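Features as listed in Swiss-Prot:
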SIGNAL    1-20  signal peptide
DISULFID  CYS28-CYS43  disulfide bond
REPEAT    155-184  repeat 'PbH1 1'
REPEAT    185-206  repeat 'PbH1 2'
ACT_SITE  ASP199  active site, proton donor
DISULFID  CYS201-CYS217  disulfide bond
REPEAT    207-227  repeat 'PbH1 3'
ACT_SITE  HIS221  active site
REPEAT    236-257  repeat 'PbH1 4'
REPEAT    265-287  repeat 'PbH1 5'
REPEAT    299-344  repeat 'PbH1 6'
DISULFID  CYS327-CYS332  disulfide bond
CARBOHYD  ASN334  N-linked glycosylation site
DISULFID  CYS351-CYS360  disulfide bond
Amino acid sequence: MHFLQNAFVAATMGAAPAAATPLEKRSCTFTSASAAKSGKSSCSTITFDNIAVPAGETLDLTGLKKGTTVIFEGETTFGYKEWKGPLISMSGTDITVKQASGAKINCDGARWWDGKGSNGGKTKPKFFQAHKLDESSITGLKIYNTPVQGFSILADHLTITDVTIDDSAGTSKGHNTDAFDIGQSTYITIDGATVYNQDDCLAINSGEHITFTNGYCDGGHGLSIGSIGGRSDNTVNDVTISNSKVVNSQNGVRIKTIYGKTGTVENVKFEDITLSDISKYGIVVEQDYENGSPTGTPTNGVKVEDITFKKVTGSVKSSGTDIYILCGSGRCSNWTWSGVDVTGGKKSSKCKNVPSGASCSD
């Protein structure tokens, strides 16, 4: 499930900065996306003051100077156009991204929402492309109503802290509004995220040394590993998803792999996860996805081993299923299963190749 022509003001002295050496410290305030694109390399601190990004353009913050700080002030908005985006793209090393008190990034996704997401209808822009944003941090952003996917992460040593993505206005027509999609990344930490959306709160398609903790996920598809298989990188290793709540969502926690494809999911921990009002599956592991949907027939190409479900507890709606495990023969192994207590839904009679220690009837 997977992302500038006028005013430029130098904040400190009121004059536009000259070309900067790595040792120079210059603070720049931009009020247009075009000025930011042309002037970003001259600034060690970049402030966006109520910036309105024109329709069909990306707020281009790629190739920032090492050590740059980016601050969003006021309300950041985007013009309407049917296009793929992203609305914001950022890359660089040792970049600090934060938001001033009271500021917000308003994508106004309702202009694109048509109930089809990225599967048809209007072409919708993805929100934030964090590719090659390495050894960096994003803190405190408040983001509203992404048209489709939120953060596309392909980075090393990126920490995202206390970010809110509020797509709650899209309950009716929002679709594919994944909050955090991670691929080909290492040492990613997402701490304290608050998400209201209509798709995965977290989706890890590949990567290693990834932590998601202290999260709150409301309205979407839950906390997901996958789908795994069919990409250039099909390995997920050393992931911890912990101390989080998933409410009013389709799934609680899940691992899904692609029918007939190969890959590896290993050393994944789901710990201290609280579920509430889950409509489909509390815990789900499926090795049968094809063309985005389950087939009911698992295949053996992806191994799912050294998986921990510890203190995953809470409620599923009566129309849903507490736990569903559908593994290929011998492909799910060495699982740790403790303190799991998911209730309220049905007990599945269709589980297959459940590894020792796990259970579809807990």
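Note that the numbers count up from 1, one per residue, in the order the chain is shown.
Every residue, even glycine, has its Cβ placed from backbone N, Cα and C.
Quick caveat, the model's predicted, so the values are computed rather than measured.
Panel annotation: around the repeat 'PbH1 2' (185-206), residues 1-2, 117, 146, 149-150, 153-168, 170-171, 174-179, 212-228, 231, 233-236, 239, 241, 246, 249 of the same chain, lying at least six beyond its termini, place a Cβ under 8 Å from a Cβ of the stretch. Comparing Cα positions, CYS201 (disulfide bond) lies closest to CYS360 out of the recorded positions CYS28, ASN334, CYS360. A distance of 51 Å separates the Cα atom of CYS43 (disulfide bond) from that of CYS332 (disulfide bond). Within its own chain, CYS332 (disulfide bond) has VAL285, GLN287, LYS303, VAL304, GLU305, ILE307, ILE325, ASN353, VAL354, PRO355, ALA358 as residues 6 or more apart in sequence whose C-beta sits under 8 angstroms from its own.
Relative to CYS327 (disulfide bond), the recorded positions with Cα atoms inside 10 Å are CYS351, the candidates having been ASP199, CYS217, HIS221, CYS351, CYS360.
Secondary structure from DSSP puts CYS201 (disulfide bond) in a beta strand. Taking CYS28, CYS217, ASN334, CYS360 as the recorded positions under consideration, the smallest Cα distance to ASP199 (active site, proton donor) is found for CYS217. A gap of 36 Å separates the Cα atoms of CYS217 (disulfide bond) and CYS28 (disulfide bond).
Here the CA atom of the residue listed as 'N-linked glycosylation site' lies 54 Å from the CA atom of CYS28 (disulfide bond).
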